[in-house]
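**Student:** Handing you a structure now.
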Amino acid sequence: MFVRPLLALAVPAVAVQAFSVSDVTSFARDVTSSIGGVVKRHDGHHGGHHEDHNEGPVTPARGLGECPSVWKDVSDDLTAIFLGDNGECTALARGAIRAAFHDCFPGAGCDGSLILGNEFTNFQNRGIPPIAEALKPIAEDREVGYADLIQFAAAHAVATCPMGPRIPAKVGRTDSDVAAPGTELPTPFQNASELIPMFEAKGFSAGELAALIGAHTASVQTTVDPENVASQDTTPGKFDNLYYKQTIEGNAPFTFQSDRSLAHDDQRTAGPMQGFANSQGGWNAAFTAAMVKMSLRGVENPGELVDCSEYLPRGTAPRNVRAAPINDRVRI
Ligand code: HEM
């Protein structure tokens, strides 16, 4: 069985790269033991469907292995399309952050099926094709897996947006071309009463949902109301917490019904959202932890993934959540 992204990992470790975001390391370790699910093994090529239930993991021993240097090239490719001339993050960067959620949340988890399974026909995936088309040549030219590329691209995109935290990015997932059911993604017309149970069913608390929805700080809707293309806060090129303030106050250019409901209708999300509106650092920490958890959903060998965070953009601002004063962190 040939699993392209993992071959280079068979090299013995020279150095084990620790997460730079130590605050979330133990959290991530905890969630890895609670997530599971079987992802069918595929070679990551389009149309490939080579199930293999018998082979063991091809990754090296737990925690060992250095990041293959091809991810440095991938990072350069992504910087070229994610960083705008104005120093802010681009539409493709925003698409990449959304794609990570759309690959991991439905079906078997983070397995690349968003692209390999052509899930674009799903109503909830409208707007995804541009980032999918941008990632395909990178996956093919660099010979990395789609599941890993989608998650690495999201972490890269968040780090590229000014004020975005550096989310640890690991690789070694298994690709699948089995499409996930579109019905498992939320719609902007749902309310907190539906959305909270939907996320809880996937293992995410209301507080984690409140943290994740902040990704709409880097969002410009084009499909909910195509006649009124508009952003979800006034700074869609920055990963700031203005989204929370404007969603709560009702003065964002365009707010989804779902987001408005989460901000007002149920204290389990409204409370943390108010906290995030008051604390950029607190939101950064909570968002990072929830995204790490999301990026491991359905991954069957989470302890064997290799940390490639070293190849994420470093940025200019202090983006490490350690920079958040301890009292500035929001409990969720
Ligand atoms: C209640 C849950 C959610 C709903 C109902 C929802 C819905 C939507 C909708 C309708 C759009 C606009 C798409 C378009 O018109 O092009 C959008 C954009 C976006 N969503 Fe969500 N979303 C949810 C959760 C999330 C989560 C958890 C993340 C990531 C962690 C995320 C990241 C994004 C991003 C980054 C965009 C902007 C895409 C762009 O500007 O191209 N969303 N979302």
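Any Cβ shown, glycine's included, is placed from N, Cα and C.
Under the heading active site, proton acceptor, TrEMBL lists HIS102. Summarising the annotation, TrEMBL assigns heme b binding site to HIS216. Residues or ranges marked as Ca(2+) 2 binding site by TrEMBL: THR217, ASP233, THR235, ASP240. Annotated compositional bias 'Basic and acidic residues' per TrEMBL: 45-55, in sequence order. The region 'Disordered' annotation in TrEMBL covers 39-61. The annotation signal peptide is assigned in TrEMBL to 1-18. Annotation source TrEMBL lists site 'Transition state stabilizer' at ARG98.
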**Student:** CA-CA, which of the recorded positions ARG98, HIS102, HIS216 lies nearest THR235 (Ca(2+) 2 binding site)?
**Tutor:** HIS216
**Student:** Out of ARG98, HIS102, THR217, ASP233, THR235, ASP240, which recorded positions lie by ligand 1, with a C-beta less than 6 Å from some atom of it?
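**Tutor:** Near the molecule: ARG98.
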**Student:** Just to verify: the residue among ARG98, HIS102, HIS216 with the fewest other Cβ atoms within 10 Å, which of the recorded positions is it?
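**Tutor:** So among ARG98, HIS102, HIS216, the recorded positions given, the one with the fewest Cβ atoms within 10 Å is ARG98.
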**Student:** With the Ca(2+) 2 site defined by THR217, ASP233, THR235, ASP240, which remaining residues of that chain have Cβ atoms positioned within 8 Å of the Cβ centroid?
**Tutor:** ALA218, THR234, PRO236, LYS238, PHE239, ASN241, LEU242, TYR243, GLN246
**Student:** Just the number: how many Å between the Cα atoms of ASP233 (Ca(2+) 2 binding site) and ARG98 (site 'Transition state stabilizer')?
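**Tutor:** Cα to Cα, ASP233 (Ca(2+) 2 binding site) and ARG98 (site 'Transition state stabilizer') are separated by 16 Å.
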**Student:** Whole-number answer please: how many Å between the C-alpha atoms of THR217 (Ca(2+) 2 binding site) and HIS102 (active site, proton acceptor)?
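**Tutor:** The Cα atom of THR217 (Ca(2+) 2 binding site) is 17 Å away from the Cα atom of HIS102 (active site, proton acceptor).
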**Student:** Quick one: of THR217, THR235, which of the binding-site residues has the smallest count of other CB atoms within 10 A?
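**Tutor:** Output over binding-site residues THR217, THR235: least Cβ neighbours within 10 Å is THR235.
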**Student:** Quiz question: given the binding-site residues ASP233, ASP240, which has the greatest number of C-beta atoms lying within 10 angstroms of its own C-beta?
**Tutor:** ASP233
**Student:** Provide, as an integer number of angstrom, the distance between the C-alpha atoms of ASP240 (Ca(2+) 2 binding site) and ARG98 (site 'Transition state stabilizer').
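**Tutor:** Roughly 16 Å, rounded to the nearest whole number.
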